[in-house]
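A short write-up of the structure that comes next.
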Amino acid sequence: MARGGHGRRLGLALWLFLALALAPRALRAKPTVRKERVVRPDSELGERPPEDNQSFQYDHEAFLGKEDSKTFDQLTSEESKERLGKIVDRIDNDGDGFVTTEELKTWIKRVQKRYIYDNVAKVWKDYDRDKDDKISWEEYKQATYGYYLGNPAEFHDSSDHHTFKKMLPRDERRFKAADLNGDQTATREEFTAFLHPEEFEHMKEIVVLETLEDIDKNGDGFVDQDEYIADMFSHEENGPEPDWVLSEREQFNEFRDLNKDGKLDKDEIRHWILPQDYDHAQAEARHLVYESDKNKDEKLTKEEILENWNMFVGSQATNYGEDLTKNHDEL
């Protein structure tokens with residue numbers, strides 16, 4: 001499962017359908033670039049690249065996403081500062097005139113979560129065919145797999161047949177895990193858990209299991225080092241492996257394979273993709289405070305934030321102006 005990740009999908013099966021239907025076969029080869037499988041509770045936020053300390057690109061994209069940050073780039077500096085100043089008042093939860101690291105972290109996490117629910121709202125009508133404000137498994141299955149199920153002969157001799165045959169029961173298993181009351185229908189909260197399982201504690205085992213199934217090519221129930229590397233890198237030409245691949249092999253031996261048996265079991269996969277010791281929203285909040293805190297009192301005034309407006313502009317803290325017109329009760 002890719003980050004952003006683990007970013008934000010319409011469901012694995014629907015993604016596969018669109019990819020297989022629209023992409024030329026020549027473009028369906030495995031990527032030769034590094035794939036990130038680590039899932040974060042704030043999974044829009046990845047690792048801060050060291051070269052980004054001056055450009056603020058990470059700060060903008062961590063808050064907004066790549067596309068929305070481009071939209072905000074079109075504003076003038078005066079418009080940006082005005083919108084940012086009004087948002088600072090909302091981030092300051094206790095109204096004491098300061099923005100603390102904790103307040104900034106809380107804001108980032110809330111906006112990240114709202115992004116997920118907005119994503120679900122955008123696709124809800126595509127699945128809720130009878131308009132009863134619930135999505136049954138049958139509705140989802142027909143919306144996603146209906147053409148395949150209705151025209152099996154078209155897929156019988158293609159590799160797509162194997163793909164859909166594999167993904168249908170996998171999606172059904174995930175749907176059942178998200179369906180907490182077991183009524184074969186999903187509320188908006190349950191459907192959000194189905195589409196974004198990495199964001200819900202009760203779905204974490206599904207995330208681990210799907211990751212294992214994706215990478216475990218020999219079907220022995222474990223991930224060995226070659227499978228681990230093959231998931232990230234496809235060595236299509238003879239020659240030396242890139243340095244980052246060699247580094248990942250060392251990571252596998254030293255940090256992933258905890259019991260040193262040469263392979264990863266479910267617990268080790270969980271430890272790898274669902275780390276409990278790093279909070280990207282916390283790290284980003286600390287970074288923003290550190291870079292903007294002129295008097296080093298470990299909190300920010302509105303003036304300090306506006307003085308460093310270029311770092312904050314384009315972030316979801318401003319949400320390119322939408323926060324100025326929306327009701328903020330849910331935040």
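Cβ atoms here come from the backbone N, Cα and C positions, even for glycine.
Predicted automatically and left uncurated, TrEMBL annotations should be read as such.
Among the ranges 38-57, 158-177, the one that TrEMBL lists as region 'Disordered' is 38-57. The DSSP breakdown of the domain 'EF-hand' (166-201), given as helix, strand and coil counts, is 25 helix, 2 strand, 9 coil. Across the range of the domain 'EF-hand' (115-150), the DSSP-based residue counts are 27 helix, 2 strand, 7 coil.
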